[in-house]
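According to Swiss-Prot, the feature active site, proton donor maps to Asp296, an assignment based on sequence analysis. Residues or ranges marked as [4Fe-4S] cluster binding site in Swiss-Prot (evidence: sequence analysis): Asp36. Here Swiss-Prot flags Gly431, Met432 as substrate binding site.
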Amino acid sequence: MKLAYWMYAGPAHIGTLRVASSFKNVHAIMHAPLGDDYFNVMRSMLERERDFTPVTASIVDRHVLARGSQEKVIENITRKDKEENPDLIILTPTCTSSILQEDLQNFVNRAGLDSKSDVILADVNHYRVNELQAADRTLEQIIRFYLEKARSQSNEPLRKTEKPSANILGIFTLGFHNQHDCRELKRLLTDLGIVINQILPEGGSVTNINELPKAWFNLIPYREVGLMAANYLKNEYDMPYVAVTPMGLLDTENCIREIVDIVKSSDTSYNFDFETYIDTQTRFISQAAWFSRSIDCQNLTGKKAVVFGDATHAASITKILAREMGIRVSCSGTYCKHDADWFREQVDGFCDEVLITDDHTQVADMIARIEPAAIFGTQMERHIGKRLDIPCGVISAPVHIQNFPLGFRPFLGYEGTNQISDLVYNSFTLGMEDHLLEIFGGHDTKEVITKSLSTDSDLAWAPEALTELQRIPGFVRGKIKRNTEKFAREKNCNLITLEIMFAAKEAVGA
């Protein structure tokens, strides 16, 4: 546990609550002190939904600490069972309330005797895993619970659907453009002649989980949530799964090919002409292939970019920038430290360096050092970009309200390629735009940022040196500032004056 004013992935209980509140008619009870119960406010603020967040906080206060939690927790479970009539009540502690080391499983067993609902305790180690790992584990736990329950109650043989069908696992609340991606995935599968069997957890019902094994395969669009459930279904029911994220033209094609291979292995009469479909979608429906050959996109060739986000989105955007748009990715990184090996393997050869960290100050210093033409990251990278005057396109959670758009903006599938192309192109400062603004927009009043974003900088700029720096055109100012600071460090100077600026200029032969 550490104190931070910014976290990329939240504590474990947030992941459990995100999964629980994505299902229909599932209620979550959070055993937590005041201060840990911000999930309701966060979800109500960000998600474009009319429903109340189905989460109740069972507050740990001084009375609970004096008498124990059993009475209060059981009372909250039975009360919500009578008030809401949910199909499932899931109890989760937080990392703070876990310190009490209470036997919550015993509380759940006791409450389950008097409840019509199913009651389970989230099986998550709150000290070892983060929000995304906990969400993945909770989804797998709920699916396992209901499938084992159905198996114990019925011995009927499993029957697959007549037509090719798929489950989509991992679409859930507060995800990055998850609702839009889900619509695009439905369209893609429908085009391939594949029926949607179940979508979990978003909008799904736990009473239908026993229908999951009827599908021919599972589609996992995001690595962060759904892989554990897919592996469980593969091991127990021999269900294949596709974990290629269909983001960008090449990976969408790879995803379609994997789906077709799975369907053909089960049904030899399936003769969908996917080659023609891919060709038509790539050439006429998606504008990305045409755009990447246009003069507008060619102007971006060789420009430097930095990518940072969750493993799925950061890896996919890195490959799109490098393979499909010819943009140089100076650094690609992720905050999913638990998936570092997979991430390195995916971006190998597509970027100059890789950064695996959940410390935003390291990301900020890396961006300040590289000075890219554009950043593609999370809400935090947007803030960093504003401080450094570098444009940023948001490509990954965590994000704020402006990245929960009302309009249709998927990142997956062929429509997603159009959205990504727009985002990439609009994120770069175009041509002479910056210079023309200085010429026709009066004096350049932008403050020159002279420090790195961490607190360990050892250089200061004299006022006259800053004034001279502001006279330099914007498109070379950053390079000159960087060279001057490098020269000052070599000469062990803590204050950069005009004399040092001119000496640095002579030293680099300018």
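Residue positions begin at 1 at the first shown residue.
Cβ atoms are placed via backbone N, Cα and C, with glycine included.
On a Cα basis, the residue listed as 'active site, proton donor' lies 48 Å away from Asp36 ([4Fe-4S] cluster binding site).
The secondary structure of Asp296 (active site, proton donor), as reduced to three states from DSSP, is helical.
Non-local neighbourhood of Asp296 (active site, proton donor): Tyr425, each in the same chain, at least six residues away, with C-beta under 8 Å from its C-beta. Within 10 Å of the C-beta of the residue listed as '[4Fe-4S] cluster binding site' there are 20 other C-beta atoms, taking all protein chains into account.
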